[in-house]
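Read the structure below first, then the notes.
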Amino acid sequence: MPVGKAALVHSWGGRAECGHPYAKSVFARSSKCCGRPPPSARPPPEGAMTTPGANHARNSISPGEREKYRTRSPAEPDHKKLKKEEKDMGHELVVDDASEEPTSPHNGAPSPRENGLDKLQPKKEHPPHSPRSGTSSNASTPSAKKLDEKPSTPISKPVTPTSGASGAGSAGAPLKAAVKPPALQYPYLGNGAHDAYGLAGYSARAALAYEPLRPPIGPASLTPIPGGKPAYSFHVSAEGQMQPVPFPPDALMGPGIPRHARQVSALAHGEVVCAVTVSSPTKYVYTGGKGCVKVWDISQPSKAPVSQLDCLQRDNYIRSVKLLPDGRTLIVGGEASNLSIWDLASPTPRIKAELTSSAPACYALAISPDSKVCFSCCSDGNIAVWDLHNQTLVRQFQGHTDGASCIDISADGTKLWTGGLDNTVRSWDLREGRQLQQHDFSSQIFSLGYCPTGEWLAVGMENSNVEVLHAVKPDKYQLHLHESCVLSLRFASCGKWFVSTGKDNLLNAWRTPYGASIFQSKESSSVLSCDISSDDKYIVTGSGDKKATVYEVIY
């Protein structure tokens, strides 16, 4: 193991120190051959709802133990394994330490604006419909039959175009994986309008450099256009047909669409930053790491934090921090069975209440728009519903068969979306207390966000894909600019764009819903968390190199 790496080392079957629900995937080798826990440890039937008085005798397995038995995504084909091994060789057991490697530009030049059509995809032979055999399918509970009348065709990951250098393979003869030298990463371009197929402004020099990496074969419908770059955004129809998206001329122009982002400060938290949030109005940044939350004045980033809130136990990581809209209360969850409620309005911030559940950890939090209810994603798969006024557990949504990893709530407060390590995304009716929909994937779900203006749900997955699903219709978009797990995702308040971050050190900004790349920033370590200020002027990320980064969004 290289000397000088951060001491976040993981062993086979051991608990990852960072403590993420997906820690083994993020920082260590994945063991895809392990089975699920014994039946006695499994939760009640999917879609169930319980109240605190109900007897939900459910064995809560610690995050470390759960890692030993969790079913992982389906095994990858040989050529994808080769690509992953070449890329991750030598550093897949540690979190990169920023002091070890040359620092990458904190805000690289804007990424290509076009969705070029020369990324060839193999001809797909779809298997018979099966709810779990492909990338995504929709299923409904019996009470929502209409949503299940038009099933979508599963899309198998091995034949899905990705952003990796190996390109696409054919069913008969998979291509040998190509290794991209640093100079031949996606050729970054300056800002500028592009035509319907995104070719305007693509320099001949960049096109020439990228030419040798194109796969030599592919269907006639995706014949390369000279000067194009590999497509990274695809529309997937209800029938499972995947086509590159021709972006509209105004995809990257107009009010509310950023031109790029500029790094303005780095907040030296001192531990891996697993959670971040920004106050409204934009004044303070809250960073959650091991055992504490630190509060920073965004106008004085070079100074020490203005406050430190000691939460949980010293060695336990904080997974989620959420501010109530008035900015006077902060809720903190992480590697503990309790949530801490902090009074920020007092002269010195103090804990005014703690909420305790039966689960050993909380992976994510959401707050209702009226600030009356808090929802927590539990490591046992439950979604706990808390009355913040009375500080009591009032309900639990049960359905996820593994840890619930991410959550978001609709702007009107009537619908909840949750993602899980059981490869599903579920929606819940908060008025009736029942599950509405279930979307099945072939990969674990690490992050999601619901568009504030409605209709679209963006999902970040272990397999590096970002998928943008319509809330009602069966069609969706699949985006391929990440090269590893997508660890966090957040929509801008205007709903016109969103950001995602990953283990590949990238921050990507996308146009809603079709995923035109607005800008891309390369950090020096895995980017574990992100938030966007309520005025859409700042982005904050938390990373594995023990700091948070503040970006100013330039329009």
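Here, residue 1 is simply the first one shown, and the rest follow in order.
Every residue, even glycine, has its Cβ placed from backbone N, Cα and C.
Taken from TrEMBL as is:
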- 36-46: compositional bias 'Pro residues' (COMPBIAS)
- 64-94: compositional bias 'Basic and acidic residues' (COMPBIAS)
- 115-128: compositional bias 'Basic and acidic residues' (COMPBIAS)
- 132-143: compositional bias 'Polar residues' (COMPBIAS)
- 153-162: compositional bias 'Polar residues' (COMPBIAS)
- 355-396: repeat 'WD' (REPEAT)
- 397-438: repeat 'WD' (REPEAT)
- 479-510: repeat 'WD' (REPEAT)
The repeat 'WD' (397-438) - residue tally per DSSP class, helix then strand then coil: 0 helix, 24 strand, 18 coil
Per-state residue totals over the repeat 'WD' (355-396) - DSSP helix, strand, coil: 0 helix, 24 strand, 18 coil
Per-state residue totals over the repeat 'WD' (479-510) - DSSP helix, strand, coil: 0 helix, 18 strand, 14 coil
